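Down below is the structure, laid out as structure tokens.
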There are 2 protein chains.
Amino acid sequence: MSDQNTELRKAGLKVTLPRVKILEILQDPNHQHISAEDVYKILLELGEDIGLATVYRVLNQFDDAGILTRHHFEGGKSVFELTGNSHHDHLVCLKCGKVIEFEDEIIEAKQLEIADKNGIKLTHHSLYLYGECTDTEQCQKNADAH
Amino acid sequence: MSDQNTELRKAGLKVTLPRVKILEILQDPNHQHISAEDVYKILLELGEDIGLATVYRVLNQFDDAGILTRHHFEGGKSVFELTGNSHHDHLVCLKCGKVIEFEDEIIEAKQLEIADKNGIKLTHHSLYLYGECTDTEQCQKNADAH
DNA sequence: CTGCAAAGGCAATTCAGCTGCAATCGGCCA
DNA sequence: TGGCCGATTGCAGCTGAATTGCCTTTGCAG
């Protein structure tokens with residue numbers, strides 16, 4: 001059952017409670033772009049007895065296995081996101097923390113071209129756009145909800 | 001004399017030995033894209049008796065004053081660079097650490113367009129392209145030189 | 001030249017993230 | 001179904017970047 005198990009097996013990882021729980025959290029649409037600390041907090045709320053160290057270890061394993069992607073948004077801490085099928089970049093509101101995903105082939109193409117022109121074989125990139133919601137009311141609501 | 005002094009004054013900062021020295025280091029073409037720790041090491045080599053805490057404080061003040069820009073390359077530590085006149089983004093070789101600056105109006109324009117379309121007023125962005133030098137020999141040499 | 005707010009030095013602190021080790025658990029095999 | 005062995009976990013302590021508190025020193029306005 002459950003694709004979590006198969007996903008974990010595919011990555012060569014044993015199916016353990018911490019890993020399944022963490023995977024569940026990441027799959028929750030409300031918890032995309034989440035930090036290690038926040039994963040830990042949610043586990044505590046769920047009453048799961050899982051240590052912070054384990055959270056870090058599991059997230060690293062998932063990262064190695066390509067199950068998720070690590071982002072370095074501004075603010076110091078790493079943020080994780082399940083690796084879907086599609087590549088995309090991020091647009092972040094610095095006031096309410098909202099994260100919007102986007103894709104743009106023109107930018108992607110330009111990047112490759114630039115790297116090529118400079119004698120670099122591009123392996124990956126990070127593109128974050130930072131700003132503030134123009135809809136300030138909605139933004140405020142989001143901010144209040146943390 | 002020296003534009004350092006005027007630059008510091010303009011920022012509302014007293015002209016002190018640590019600040020002048022750090023500014024000098026940043027102005028050295030060999031030391032663009034340098035970390036706080038590395039600034040500190042260079043100061044030690046110069047025989048300057050300046051504490052690491054001061055380096056961090058000064059770099060933050062410079063950042064606040066807009067004299068320099070902070071980058072969060074992969075690898076954890078912040079990297080600093082004098083804010084020239086021109087905006088540019090960065091292309092980083094993960095093997096030798098070489099940093100190439102580039103500018104591309106098409107990407108810039110696209111970013112604004114994307115932010116706009118998503119109801120965000122863009123304040124700034126970070127775009128880093130990561131890869132490996134295709135000239136592996138030269139790359140190796142750079143890597144050896146740290 | 002003098003006073004005092006700004007700045008610096010040092011050591012201790014914070015904070016994210018990682019590790020070593022002993023105890024525990026998953027799951028393959030009989 | 002039960003047992004074994006290596007993978008995994010929890011804990012506590014560690015690391016490395018960056019910051020802060022506190023007291024001393026210094027730039028510079030008057």
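Here the Cβ of each residue, glycine as well, is placed from N, Cα and C on the backbone.
Caution: TrEMBL annotation is automatic and unverified by curators.
Pulled from TrEMBL:
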{"type": "BINDING", "residues": "B:HIS87, B:ASP89, B:GLU108, B:HIS125", "note": "Fe cation binding site"}
{"type": "BINDING", "residues": "B:CYS93, B:CYS96, B:CYS133", "note": "Zn(2+) binding site"}
Name, in the order they occur in the sequence, the residues of the same chain whose CB lies under 8 A from the CB of B:GLU108 (Fe cation binding site) and which sit 6 or more residues away. B:HIS87
Listed in sequence order, which of the binding-site residues B:ASP89, B:CYS93, B:HIS125, B:CYS133 sit with a CB under 8 A of chain A? B:CYS93, B:HIS125, B:CYS133
Using the CB centroid of B:HIS87, B:ASP89, B:GLU108, B:HIS125 as the Fe cation site centre, which other residues of the same chain sit with their CB within 8 A? B:HIS88, B:GLU103, B:ASP104, B:ILE107, B:GLN111, B:LEU127
Non-local Cβ contacts of B:ASP89 (Fe cation binding site) (under 8 Å, 6 or more apart, same chain)? B:GLU101, B:PHE102, B:GLU103, B:ASP104, B:ILE107, B:SER126, B:LEU127, B:TYR128, B:LEU129
The most crowded of the binding-site residues B:HIS87, B:HIS125, judged by neighbouring Cβ atoms within 10 Å of its own Cβ, is B:HIS125
Out of B:CYS93, B:CYS96, B:CYS133, which has the highest number of nearby Cβ atoms, where nearby means within 10 Å of its Cβ, if these are the binding-site residues? B:CYS93
Specify the secondary structure state of B:CYS93 (Zn(2+) binding site) as given by DSSP, simplified to three classes. strand
Would you identify the secondary structure of B:CYS133 (Zn(2+) binding site) according to DSSP, in three states? strand
What Cα-Cα separation, expressed in whole Å, is found between B:CYS96 (Zn(2+) binding site) and B:HIS125 (Fe cation binding site)? 25
Between B:HIS125 (Fe cation binding site) and B:CYS93 (Zn(2+) binding site), how many Å separate their Cα atoms? 20
Where B:GLU108 (Fe cation binding site) falls in three-state DSSP terms: helix
